Amino acid sequence: MGDTEVKHRKVNRNKNKNEKNKEIPNPAVDPRDEGDGESTPEALPEELTEEPILKKSTSPKKSEKKQRNAGKAGTATAGQSLADLPTLAVTCHFNLLPMLLFGVALATRFYALDQPNSIVFDELHYGRYAGLYQKQTFFFDSHPPLGKQLLALAGYLGGFQGDFKFDKIGSSYNASVPVFAMRAVPALTGSLLIPLVYMIMLQLNYSQWTAALAGFLFLFDNALLTQSHYMLMEPIILFFAMSGVLCVLKFRALERSGNAQAHSYSLRWWGWLLSGSIFLTCALCVKYVGVYSYLLGLALVGHDFWEKVLGNLSLTKKQVFGHAVARFFAFFVVPLMVYIGVFYIHLTTLVNAGPHDSAMSSAFQASLEGGLSSIVRGQPLEVVHGSQVTLRHAHGSPCWLHSHAANYPVKYADKRGSSHQQQVTCYVAKDINNWWIVKRPNRTDLAVAAPLDRISHGEEIQLVHGITGRNLNSHNVAAPASPTKQEVSCYVDHNVSMPAQDVWRVEITNREEIGDVWHALESMVRLIHVNTSVALAFSGRMLPDWGHNQHEIVGDVMVNQPNTIFNVEEHRYTRNEDEKDRQLELMTTDFIPLEPVVMGFWEKFFELQIRMLFISNENVQNHMYTSSPWEWLVLTRGIAYWVSPDSNAQIHLLGNIFIWYSATIALAAYCGLLIFYLLRQRRQCYDIHEEAWNQFRTTGEVLLLGYVFHFLPYFFVDHTLFLHHYLPALAFKLLLNAALVEHLYYLTRLIFAKQFFNWMCVLIVLTWMSGILMVFNKFLPLCYGLGPMNATQILDLKLRETWDFIVHKP
Amino acid sequence: MKEKLSPACKVDSSPSPPIKTSLDKQSASQQFCRPAFTQKFRESTGGNVWWTIFTLLMIATVSVRFYKLRYPEQVCWDETHFGRHANQYLQRTFFFDVHPPLGKMLVALFGYLDGYDGSFWFEVGKKYGDASYMGMRIGCAIMGALVVPLCFLTIWEMTASLPASTFTALCLIFDNSLVVLNRFILLDPMMLFFISATVFSMAHFNKQKRSFSFLWWFWLSSTGIFMAGSFSVKFVGLFLVFLVGLRAIYDLWIILGDMSRPVTYTVKHFLARALCLIALPVALYVAIFYVHLRILHLGGEEDEFYSSAFQVSLKGNMFHNSTGPREVAYGAVIRVKNNVLEGQYLHSHRQLYPVGARQQQITTVYIRDPNNRWFIKRHNQSSPLWNATDPIDLVRNGDLIRIEHRTTGRNLHVHRGPAPISNKMYQVTGYGVRGEGNDDDFWRLEIEGAAEGEVLEIVRHSFRLVSPNNKCVLTSTTKNLPEWGFGSAEVACNPKMHDDRAYWHIDDNRYPRLPNVSYTIYELSFLERFIESHKNMFMGNAGFRPKISDFQSRPWMWPINFRGQFFSVEGVVIYLLGNPIIWWGHCLCFLLYFLLWIVNAVIEKRAVNIAEKQLDLQRRTLNTCKWLFIGFLCHYVPFWPMARILYFHHYFPALLFSNMISGMMLNYILETFSEKISPKFYTYFVSGLLLVFFYSFYLFTPITYGYPNRPSQYNDSQMYGMKWISSWEF
């Protein structure tokens, strides 16, 4: 039925252009006149059609404009008499709506900003990192550092010394922590988000009322408010992402305007292009998920390039090439520079050793002040016959080659037999049993004497365990936890015709950089078992109780794998107790590197990248507040951020359920409409005006695509997920929601001729908005942690069974 | 005569080692027959040349695929699984497996046709002896070999280019990995068969000019049928649905755009596709399951994976002829089982926890044991005993109850200390003496999906036990306790109420005052059993998670032939490794394809002037490759984000598409240059290609057919020096 009606009112795009123009009154005020100068000259019909209703509300603007005109007129008349003097006049005009929204945003975001004065949720991490920046202490985190740097900067300006110990969620801050200053970063970026989305909607050719509606949705979403109120990363990343999207849209507008040629390479053109890519890269530098915003920007710019530049046959090959190079520069070279720059600051600031050092390689650690460098400074560089060393497994989580005075059990639990020789393991802590002595097979004395007997690549050695004096050995016996690999033991002669096979060949894998001689710290070595050609390897499995739950060490046929690489970490020369002692000491001093290990920025940068991207396995298992992407659509679960020790007052991350549900419905409605239009257009039925369709399509390109980019990947990751991971996608969804409201309004105008229905529409939207406000207000205590609250008040808020609020007081 | 001496003649000599002779023959015959034949080969539209080449290719396929099929005469690799499942079909014993049943049913069928009785116990490396295993191997090999003609005909159907089809077939024939995969009792050859048959039918279907003709219906429904076959063998076959679905949507979109037809015409097309590509495959799939569940009607060792209600219908199972009161009354002796896959029984024993509160351990165990029996009591009762004169008091949903361990007289109890392993949950202990305890022993019974006050029934009802005092729910964490727990698993109380492992049911109930009823009333309908089987399969599949830092085969390794997979048994080295020349050739062809794609897109966008013929060739090639490439992506990309443990053989469905793209690309290269080079050179090139294919195949035959051999590091080994990449492990 509705179908026929629409058909009846089908718009004929080709013939009725004039008629259409007649139907639509000429605009009295184009809202975009006030704002920015970049918007396209031609006005859009659906915007115009709103005019009759908007008239009343836009009156302040109108009067403003009148005043402006009056002002102009005034100067003009004055100028009559003093025609030869230059006019001195400042004409300024404000767009009141975004100002108002921004004001409310600031008020909500900054309200009671330093309350609660204790650690809320992930402030535990981010606050701690900000503190470590003050102390210039190195830390390892799997996210890039920009957001933490901003927090640290705010902390620095607020006088934070980094002395506070962030121990657990809920402990109170003391006076040394500038809580307000640090929380001001997310609060400010979170507030700026609102004018930003306002401008984005204008840029997408929506009316200012729709833009204001988008701002309203952002403003009164409890999740965005909660997130902006504490030291968390999401508002920062959202701010950068939205700024980037806005710049890219402005850039597109230039590209798509009538005289695109004239704008090319202009200052504005470069400005929007570069700022777009820089902002998007900044989003990426706050958290890696920002990469999806970057990809969205890239897709938009790339699509325009394909259609507007490459497809523009009036451009010469050279011009096309020039455009390609400019975009490549802006979207690949500049981001790379920004990204490296952020890490440059990170690595040059953090020069002191700290708690996470062991995540990094020995050389990296040695380059930090006060950590390993204080231990290894002054230790000999070259490994020689008689060197006492600890061997660190160089890849992944740190552990050291270890043995202890206990043998492998005769029979394992799965009834396999062992050699019953002394266990060799990889131990995750520093221990006296990690020391080994490097020895040539043919020599018996162990003292280091001049001339030094250096060990080089390809030479054969034995490794003697320092405490038990037994040799590292391997043989054709299945390893305890990995039956397909070979057992490694410290040789014990049980007199069972099992000879010692304890000679190993040293292979230095990075000898192109380091040279053939085995160096402590720097040389990455593989120990190849001479009899069976297996490599000493870390298998990744744990030994059971009899092996004190240490990691298994095996002989692996697969030589060429990262698990077989070790390096010498601590190193000293064996000295004898006799008279050679002094002599040796004198001698060794010559070989001590006098300066600490210096690692260049690039080496550090690449090592950190590799560890951040591939080796970080921060996986919080069994966390109480995890949620899955499907649950985000209907807000099944929140996250408890903080609870007051005295009452049930608490902070709980929850979206404004009214907004979230309507946004989900809007998403479905948009997709339904899109499919409907596409199918109808395939049958040559054009139900809406071409401009309306273009706007609808662009909305899909930017907002729907943005939503999909930020949401779909979560279905495929194997991490523990939380509700706050959804916020970037939500931002696009809220914008889509606002856009859909305007489109529906357009449709009512198209279908129903009577004014009455338009008023109904406005009324429905207003009711919806007041509903949003009510829900927002109801859940406000959970955003600020306002109290005190009793159990019934909390349970009153529990609209869904699955929301786990904390009730620990009556 | 001329045709016999064609370049394609080389194919028939390929299985036999003397390459030398084929070279000689070639050079001897070059002068006179080549150009004419080349021309015919290039432009063949059927007829003699076509049939000659097709026949030669088939001979080559058969000789390569069936050579030494009996060898090794031991059980290799996954033969142990599929052989055992075949046994179970032949002996009608129920089993649990994560794959759908069609493949294993076919294996059993092949065995049955060969007269195999299902009595051989498959174990890796065990000699077959006089068990007749060849039927199963031949069946698998036939299905695997059929892939070659199917792919050949698919490309023929899509492009009508004999060279492209021939190259595709050659890539398939001389790929060592496909030969290895086809030689054993495995599901992969069957799945590859079904996939290629689906694509073949699809290609035919798309060629149909007249909609709703008999042939149109025939090929449409055969697409659906073969597609059902592919995902009834392994769930990996489901990726094929993407391809078929996308193609159907694309077709419908084109049909919709045809303004000369009414919309109802599109609706008809849509309904036809929905019928043949959705309804028919689903119906077949369900039918296969029906057969599966009908055949396997005897209880076996893996029954415990399924719910008690499921087990009732298995003959020989403990529940099959069991009886017991249907409703649970206060004072009854019950046995409680967890609802998860392979759920365990709630258990207790006299030993105490060495950690936390030193109270009696509460655990879960697999075995049935007198210590699994519990009394159910009202919360204010301490003694479970009842008087014969009292009215029977039934347990109802929402009741507060107490549960007492029968042998030790301790109550199921929880307190707010951390559980021994899952320290975010509370510790559950046995507490009190002879049923006396405190209010931490109270549990509120919450029956899933039942109204307040409904009577608790055994087997049918699943319920949670919630501690009202501690606000937590009784959960089996399935984590094994250390030695002090005697190998049983932890029970804890989870304050996070939404826990899948918190559901329990009662599978045994003893109460003399209520009449015993037969368990047959709990028997599940086919649909319920179907659904439960799927739940279990998915849980089983999700359980295949790799251990950290185990060697993992990852998708990026597959296309570049980074590492193979051992099929060896003692004394025989068989290694699943692609023919490196062909595989790396595929990579090059992919690069070429991308390049061509981009170049063509730019040419079209910029309206560059190039020769009409060349443009036409590009368009045709790209159009065909587009769907093949989508097929490749459908079978390859989904593995990237998978957290499940992956194997090399998961790549082979994608490989089929990759082969076809390579065939297309080789043809494209030759066609592009055919104008510029002499026909002679064309011939040299084709024969050279053929030789390279064959020779590279020949080089790796020792590990393909498992010739007795020594590891490759010894220089008397036939594989000496063949370890081109250090990651290959032979």
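Residue numbering: from 1, along the chain as shown.
Just so you know, glycine gets a Cβ as well, placed from its N, Cα and C.
Note: TrEMBL annotation is automatic and uncurated.
In TrEMBL this protein carries:
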DOMAIN    B:325-379  domain 'MIR'
DOMAIN    B:392-448  domain 'MIR'
REGION    B:1-23  region 'Disordered'
TRANSMEM  B:49-67  transmembrane segment
TRANSMEM  B:136-156  transmembrane segment
TRANSMEM  B:184-205  transmembrane segment
TRANSMEM  B:217-250  transmembrane segment
TRANSMEM  B:270-291  transmembrane segment
TRANSMEM  B:583-603  transmembrane segment
TRANSMEM  B:624-642  transmembrane segment
TRANSMEM  B:648-669  transmembrane segment
TRANSMEM  B:681-700  transmembrane segment
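Of the candidate ranges B:49-67, B:184-205, B:270-291, B:624-642, B:624-642 contributes the most Cβ pairs within a distance under 8 Å of the transmembrane segment (B:648-669). Beyond its flanks by at least six residues, the transmembrane segment (B:270-291) meets 100-102, 105, 212, 217, 220-221, 223-225, 227-229, 231-232, 244-245, 248, 251-252, 526, 530, 533 of its own chain at Cβ-Cβ distances under 8 Å. When the stretches B:49-67, B:217-250, B:624-642, B:681-700 are ranked by Cβ pairs under 8 Å to the transmembrane segment (B:136-156), first place goes to B:49-67. Long-range contacts of the transmembrane segment (B:624-642) within its own chain (CB-CB distance under 8 A, at least 6 residues past either end) are made by residues 155, 158-159, 195, 199, 236, 239-240, 242-243, 246-247, 555, 558-559, 593, 650-651, 653-654, 657-658, 660-661, 664-665.
The average pLDDT computed over the domain 'MIR' (B:325-379) stands at 86. Across the domain 'MIR' (B:392-448), DSSP helix (H, G, I), strand (E, B) and coil residues number 3 helix, 29 strand, 25 coil.
Secondary structure of the domain 'MIR' (B:325-379) per DSSP (helix as H, G, I; strand as E, B; remaining residues coil): 3 helix, 29 strand, 23 coil.
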